[in-house]
Amino acid sequence: MGDENRERLLKEEDYYYENCPGCKMEQYNQLHRGFPFRQLLMVSLIVLITGLPISSFFPFLYFMVRDFNIAENVEDIGFYAGFIGASFMVGRALTSVFWGIVADRYGRKPVILFGTFIVFTFNILFGLSLNYWMAIITRFLLGSLNGILGPIKAYASESVNEEYQSIAMSTISTSWGIALIVGPAIGGFLAQPVEKFPGIFSSEGLFGRFPYFLPCLCTSLLALITGIISLWLPESLHMHDKNVPSHSVSYEALEDRPGDCNGNESTLTNESKELPSKPSLFRNWELMSSIIVYCMFSLHDMAYVEIFSLWTVSSRTLGGLSFTSGDVGEVLAITGFSLLVFQSALYPYVERIFGPIMVSRVSGILSIPLLAMYPLLSLFSGAVLHIIVTLASILKNLLSVSIITGMFIIQNRAVDQHQRGAANGIALTGMSICKAIGPAAGGALLSWSQKRLNAAFLPGPHMLFFILNVIEAIAVVMTFRPFLVPRRN
């Protein structure tokens, strides 16, 4: 009977590879051990179109709020701008766990496809906003209905062999970092096209009436193309037919069961059909500690992104650098290219040597003195100012993306596959709450700092970047034991 059991088990295994999408992808990865270029390319595109709508509006947000005529004073523009940035994150915070559960139950691919459609639709509507409240509502719906980011993290870790896991996580953070950099470049170059390209765009046309529609249209078209390509995206979630025994039962276990030789196969079938129990994710301190640290760094990063764009375009009389949206776009485009080179060529090797926690910790420590020097940039002007701001932006974003990559790796190692979507949903909820606070608080802090340029203690932007450094320092302290505890495999 041992030979019969072995033959039956092989048939069940063949059944799974034919009917379970995750098993088929696993089998493909085992047969093709080379670098998973196609999988990582698709992950990069999906993360890119998820991040672009979040960041592309930062360079023109100041001018968009000004054109809505909702701020009574110019110093209050940053305050109102912060709420538009926060509305997206509030929406995402309310639904991230839901989308993670959906991805665990029905697969990663359906959530990804739906999310790309949402990006295409509501990003266009945001560009066509007629007033302040329409802008807030469209951003809120874009955040709440787009559940891509959690499932794509799970997908990246599931779609490659274990030896490429750090590269897969690095791909996510690289693409995310590039989106947060290239997005503002797109917004800076393409916003207000009638003023920048009067020979191409007419003031009487669509782009004259909606001066901030062109960058939104470009990112939406990229989302549409990515959504079409994603139709051929293979599913990575193991979805087994419960009516067929699991192929995870070993040959030896089958032969050792006393009931097998007596025709008592129903006992085997019922026992093997039992699914693994799902312990509470909230009791998994390895996961929860990494999420809390990740949220602190996210709060800092989102506030920094909001502040950097608003601060650089502010007048020098208000402590800013008097950059144009095009100047900001140029700085961030160069920064995005530098991120691509660093994350693809250097980060996997650095992480392999020092580990994700040490890389994140050192990156956070180095960010503090760098930010402390930002207010001194106003002492420079002309080409020298542009070069120094670009170098500072490159270094700051390299450090930030290294931190986020490390947190991605720690989170996905803290749980098994059948809980990975929900775990990433919890992480996204916490991160979205912090990132909702970040833009709103960043805009309010900028407005407050511009009203205290003559203060005796930390005047103007000095106070602004000091508060950012306090948040960063708290996050760095939390990377040490006993707070942050990585999973022991």
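The backbone N, Cα and C atoms fix where each Cβ goes, and this holds for glycine too.
Summarising the annotation, TrEMBL assigns domain 'Major facilitator superfamily (MFS) profile' to 39-487. Under the heading transmembrane segment, TrEMBL lists 40-65, 77-99, 111-130, 136-155, 167-190, 210-233, 291-311, 331-350, 362-381, 387-410, 422-442, 462-484.
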Positions on the same chain near the transmembrane segment (40-65), where near means CB under 8 A and six or more residues out: 71, 77-78, 80-81, 84-85, 88, 112, 115-116, 119, 123, 126, 129, 132, 135, 142, 146, 148-149, 152, 155-156, 159-160, 164, 167-168, 171-172, 174-176, 178-184, 186-188, 191-192, 211-212, 215-216, 219, 222-223, 226, 229-230, 233, 305-306, 309-310, 313-314, 325, 328-329, 332
Stretch in 77-99, 111-130, 387-410 most in contact with the transmembrane segment (331-350), if contact is a CB pair under 8 A: 387-410
Chain residues outside the transmembrane segment (422-442) and at least six past its termini with a C-beta under 8 angstroms from it: 81-90, 92-94, 96-101, 103-104, 143, 147, 149-151, 153-154, 281-282, 284, 287, 290-292, 294-296, 298-307, 310, 411-412, 414-415
Proximity of the transmembrane segment (362-381) to the transmembrane segment (167-190), 3+ C-beta pairs under 8 angstroms: no
Beyond the flanks of the transmembrane segment (77-99) by 6 or more, those residues with Cβ under 8 Å of it: 53-54, 57-58, 61-62, 64-66, 68, 70-71, 111, 132, 135-137, 139-147, 149-151, 302, 306, 310, 314, 422, 425-430, 432-433, 435-444, 446-447, 450
Rounded mean pLDDT for the residues that make up the domain 'Major facilitator superfamily (MFS) profile' (39-487): 80
Leading stretch by Cβ pairs under 8 Å, where the reference is the transmembrane segment (387-410) and the options are 111-130, 167-190, 210-233, 462-484: 167-190
Same-chain residue ranges lying at least 6 outside the transmembrane segment (111-130) that approach it to Cβ under 8 Å: 46, 49-50, 53, 57, 64, 99, 102-103, 138-139, 141-142, 145-148, 151-152, 155, 210, 212-217, 219-221, 223-224, 226-227, 230-231, 233
Contacting positions for the transmembrane segment (462-484) when only residues 6+ beyond its ends and CB under 8 Å are counted: 289-290, 292-293, 296-297, 299-300, 303-304, 307, 311, 357, 360-361, 364-365, 367-368, 371-372, 374-375, 410, 445-446, 449, 452, 455
Range from 167-190, 210-233, 291-311 with the greatest count of C-beta pairs under 8 A to the transmembrane segment (136-155): 167-190
